[in-house]
Amino acid sequence: MVAQMRYTAAAVGGGLSPPPSTMKVVVVGYALTSKKVKSFLQPKLERLARNKGILFVAIDHSKSLSDQGPFDIVLHKLSGKEWRRILEDYRTTHPNVTVLDPPDAIQHVHNRQSMLQVVADLNLSDSYGKVGVPKQFVIKKDPSSIPDSVNMAGLRLPLVAKPLFAKSHELSLAYDELSLQKLEPPLVLQEFINHGGVLFKVYIVGEAIKVVRRFSLPDVSRRELKKNAGVYRFPRVSCAAASADEADLDPHIAEHPPRPLLERLARELRSRLGLRLFNLDIIREHGTKDRYYVIDINYFPGYGKVPEYEHIFTDFLLSLVKSK
Ligand SMILES: Nc1ncnc2c1ncn2[C@@H]1O[C@H](COP(=O)(O)OP(=O)(O)OP(=O)(O)O)[C@@H](O)[C@H]1O
Ligand SMILES: O=P(O)(O)O[C@H]1[C@H](OP(=O)(O)O)[C@@H](OP(=O)(O)O)[C@@H](O)[C@@H](O)[C@@H]1OP(=O)(O)O
Ligand SMILES: [Mg+2]
Ligand SMILES: [Mg+2]
């Protein structure tokens, strides 16, 4: 079902020409934070969408979702149990509306343990490379158990400590296991993998993928590890300001992972996670040609920073309606 809405002056907004009047409009309701609206719903996206017959409409939280629309697609990234319940109800009562993405699938990548489990289960290995996850375990409560748990799990130092819930972005690097007791659970402790200080962000929008390169934490040598102790906290690492797309780097480090490997990984994760909008952070172990680790998966990431995202995203929205 394509929500049949005629273009009106109010719907189109000032100054922009509507598409031909015969064109059916694809209505996309969105529930996003104001930060996300600013970064994602940029004028260049809205403009291109409008020319292709796609209209973005803000969902009004003071009204029932069923009383709004009709929508063809609902796009959302809001947290909270109540919102998840509203969406689940809406999905049941409006089976023809594509909700991007299902709330329970999103929940799966909110926890840093379940997030990487799918990659571990996939155990992807072919002529292009091998994709795994760093050894890791969860500390739920008692930080005094950390040193013993690290030894028992056979984790090699240094370790990265991340909040179990992916919404929080603090990151610590620990050179010894005793210092980890200072950190506040629930946490994921993960082996730090040397990767030449460069990481690849693979943005997925349905079947499309786009890869960017970012600077990351530098390698830690055996010598450095022996010399240092303690836990070091890092503010946001590998954020958009850390782009390394144009940097002059050692080609062994800069080279993107093979496209066929990423395409297979993206396809598998899309179906196993039941998500269509996500990105993954992948690193190549320094000194190897084909040993890859996925270290993070994010739902509906910052697409606004991806070159040409407006074309990729609008094509994707149209393909959803066409395939119905
Ligand atoms: N196991 C690891 N080995 C090496 N470096 C790592 C590892 N885990 C994380 N890092 C580095 O720390 C950064 C932040 O880690 P991660 O991506 O897990 O956190 P995040 O807060 O979820 O990030 P995002 O902003 O992408 O959501 C990574 O971009 C990478 O530079
Ligand atoms: O805000 P930005 O554009 O940086 O997008 C970031 C996004 O924040 P937002 O959803 O509030 O926008 C983050 O979401 P939360 O985990 O905090 O929910 C997470 O997905 C990051 O990985 C994104 O950065 P990217 O991986 O694309 O560099
Ligand atoms: Mg990350
Ligand atoms: Mg993340």
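Glycine is no exception: its Cβ is also placed from the backbone N, Cα and C atoms.
Contacts of Lys77 (1D-myo-inositol 1,3,4-trisphosphate binding site) defined by a Cβ separation under 8 A and a same-chain sequence distance of 6+ are given as Ala31, Leu32, Thr33, Lys36, Tyr299, Phe300, in order along the sequence. A strand conformation is recorded for Lys77 (1D-myo-inositol 1,3,4-trisphosphate binding site) in the three-state DSSP classification. Residues or ranges marked as 1D-myo-inositol 1,3,4-trisphosphate binding site in TrEMBL: Lys36, Lys77, His169, Lys201, Asn298, Gly302.
According to TrEMBL, the ATP binding site annotation covers Arg112, Lys162, 190-201, Ser216. Annotation for Gln190 (ATP binding site): same-chain Cβ neighbours under 8 Å, separated by at least 6 residues, are Pro134, Lys135, Gln136, Leu159, Val160, Ala161, Lys162, Ile295.
Take the CB of Asp281 (Mg(2+) 1 binding site) and look out to 10 A: across all protein chains shown you find 18 other CB atoms. Taken from TrEMBL, the feature Mg(2+) 1 binding site covers Asp281, Asp296.
TrEMBL lists Asp296, Asn298 with the feature Mg(2+) 2 binding site. In sequence order, Val109, Ala166, Phe278, Asn279, Leu280, Asp281 constitute the residues six or more apart from Asn298 (1D-myo-inositol 1,3,4-trisphosphate binding site) in its chain with CB-CB distances below 8 Å. Asn298 (1D-myo-inositol 1,3,4-trisphosphate binding site) falls within a strand when secondary structure is assigned with DSSP.
Positions annotated as domain 'Inositol-tetrakisphosphate 1-kinase N-terminal' by TrEMBL: 27-106.
Look at TrEMBL and you will find 126-318 tagged as domain 'Inositol 1,3,4-trisphosphate 5/6-kinase ATP-grasp'. Per-residue pLDDT, averaged over the domain 'Inositol 1,3,4-trisphosphate 5/6-kinase ATP-grasp' (126-318), rounds to 95.
The secondary structure of Asn194 (ATP binding site), as reduced to three states from DSSP, is coil rather than helix or strand.
With the fewest other Cβ atoms inside 10 Å of its Cβ, the least crowded of the binding-site residues Phe192, Phe200 in this structure is Phe192. Reduced to three states, the DSSP call for His169 (1D-myo-inositol 1,3,4-trisphosphate binding site) is coil.
In this structure, Arg112 (ATP binding site) is part of a helix by DSSP. Among the binding-site residues Lys36, Lys77, Arg112, Asn194, Asn298, the residues whose Cβ lies under 6 Å from any atom of ligand 1 are, in sequence order, Asn298.
Lys201 (1D-myo-inositol 1,3,4-trisphosphate binding site) is 11 Å away from Ser216 (ATP binding site) when you measure Cα to Cα.
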